[in-house]
Structure formats: C-alpha cells, structure tokens
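These notes are about the structure you will find just below.
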Amino acid sequence: MQLVERFLCEPFPPLAQRIIQEGVVVNDRILKIDHFLNHRIDTDLMSAIGVELATRLQPFAAELILTAEASGIPPALATALAARLPLVYAKKYDPDVPVPALTRHIHSPTRDRQVQLAISARFIPAGSRVAIVDDFLANGRTALALADMVYEAGATVVAAAFVVEKQFQEGRLLLQKLGVPIISLAQITRFVDGRPLIYGWPSSVPGQSDG
C-alpha cells in the first residue's frame, strides 16, 4: 500500500482550530500552546489526538511507541492507548552521570543546556518495529536521538508522528534523510502578523493562504 503525504499530514481540525484561535506567537520560531497541549492539558483534545495519530500510524504496523520525557509523554500515551501498544519513554539525566543504557546527548531548548536521553536497551527488543511520537517537530534533535538509539538496539523506526510540525525548521529534512515517514497533525508554515499559518487550513490572516 502506497501512503500519500496528504493522509499523513493533513490538518486535524480540532487541533488546527485551537492553534489558530488560541496559539500565542512569541517570536519568529516559538508558538505557545501550553495551555492545552504540553503544560495544562485538554484531556478531551489529547484523547482525540491519540486516536488520530493511532489511525495514521496503523498502516506501519508498529509494535511499540517511543517518546522522550516530559512533554512527549501525553501525546505518546494517548496514541499508545488508542493503538493498544506498549509505550517506552527516554528519561533525561545530567550528561555527566553515567547510565547503563542506550544514551544520546541533545541540547534542550527548555533547559538551555545539554541533557542525556537514556533508554534501557531491554525495552527496545532487536527486530522490533518502533513508532516515535512527540509533541513538536522543530529542529529534529530529539527525534533523531531517539531514532539513533532504536537503530543501535537493532530495531526499526517505522514512522515518526508529531502533534505540531514547524515546517520552517530543519527537523523534517533531517528525518527524511533517514527514510522515516513523517506524520503531523498541524504543519505550521510561518507566522504572519503574530498569527500562525497552518498548511492546508484556511488562514485567519486577510489575504494569506497556505495550501
């Protein structure tokens, strides 16, 4: 079955509406939607997001869901529950602390420093089919680190799914180089006059259209 990008990345209406109506553009790269997505969580919306991501992931026949703490856990858990799959999340440690596990160092924008992602190798069985789920795809550092650990464990990344994607950052291009199919429920193409534009969704900015 050939999967078309439109199915994988078409806007999810309940989410797109909330972003357009309530999203706060902080600067040319930061969109705050923490009052319903990743700080205070609208559980009804998150449940719907989980069902939608699980539906789009279904053709890839994933055997487990992988994410990183902390903001990746809510959408990953909602997806895992909807898909009836186990969930594994990478824990964050001080980079100077040795951890007997699969590890990668990444820069954390929220903490503004290096952190160490760690996963117990026994939770990523060799040969398993893994789907990465996270709240945002921006620079792609977290997703790439998770993918590297999956490959080190001898498993396969079958897809990477995100609630929100910032198209104007390099995350998608980096993941595409690995050949990983990408799912996103809202692709932010740019910010205009302090408002986000979502690909394939009617704009609230006069005279502007994206897709």
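The backbone N, Cα and C atoms fix where each Cβ goes, glycine too.
From a predicted model like this one, the values you see are computed outputs, not experimental measurements.
Copied over from Swiss-Prot:
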BINDING   Leu31, Asn38, Lys166  xanthine binding site
BINDING   Ala138, Asn139, Gly140, Arg141, Thr142  5-phospho-alpha-D-ribose 1-diphosphate binding site
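Comparing CA positions across the binding-site residues Leu31, Asn38, Lys166, the one lying closest to Ala138 (5-phospho-alpha-D-ribose 1-diphosphate binding site) turns out to be Lys166. In this structure, Arg141 (5-phospho-alpha-D-ribose 1-diphosphate binding site) is part of a helix by DSSP.
For Gly140 (5-phospho-alpha-D-ribose 1-diphosphate binding site), the spatially nearest entry among the binding-site residues Leu31, Asn38, Lys166 is Lys166, judged by CA separation. Calculated from their C-alpha atoms, the gap between Asn139 (5-phospho-alpha-D-ribose 1-diphosphate binding site) and Asn38 (xanthine binding site) amounts to 18 Å. Residues listed for xanthine, Leu31, Asn38, Lys166, cover a largest CA to CA span of 16 Å. Across the fold, the C-alpha of Thr142 (5-phospho-alpha-D-ribose 1-diphosphate binding site) and the C-alpha of Leu31 (xanthine binding site) stand 18 Å from each other. The residues near the xanthine site, meaning same-chain residues not in Leu31, Asn38, Lys166 whose C-beta sits within 8 angstroms of the mean position of the site's C-beta atoms, are Ile30, Lys32, Ile33, Leu37, Asp135, Phe136, Ala138, Val164, Ile188, in sequence order.
Taking a C-beta cut-off of under 8 Å and a sequence gap of six or more, Lys166 (xanthine binding site) has these contacts in its own chain: Arg29, Leu31, Phe136, Leu137, Ala138, Ile188. Same-chain residues with CB within 8 A of the center of the Ala138, Asn139, Gly140, Arg141, Thr142 CB atoms, the 5-phospho-alpha-D-ribose 1-diphosphate site residues themselves not counted, are Ile106, Leu137, Ala143, Leu144, Gln169, Gly171, Leu174. For the pair Asn38 (xanthine binding site) and Arg141 (5-phospho-alpha-D-ribose 1-diphosphate binding site), the C-alpha distance works out to 18 angstrom.
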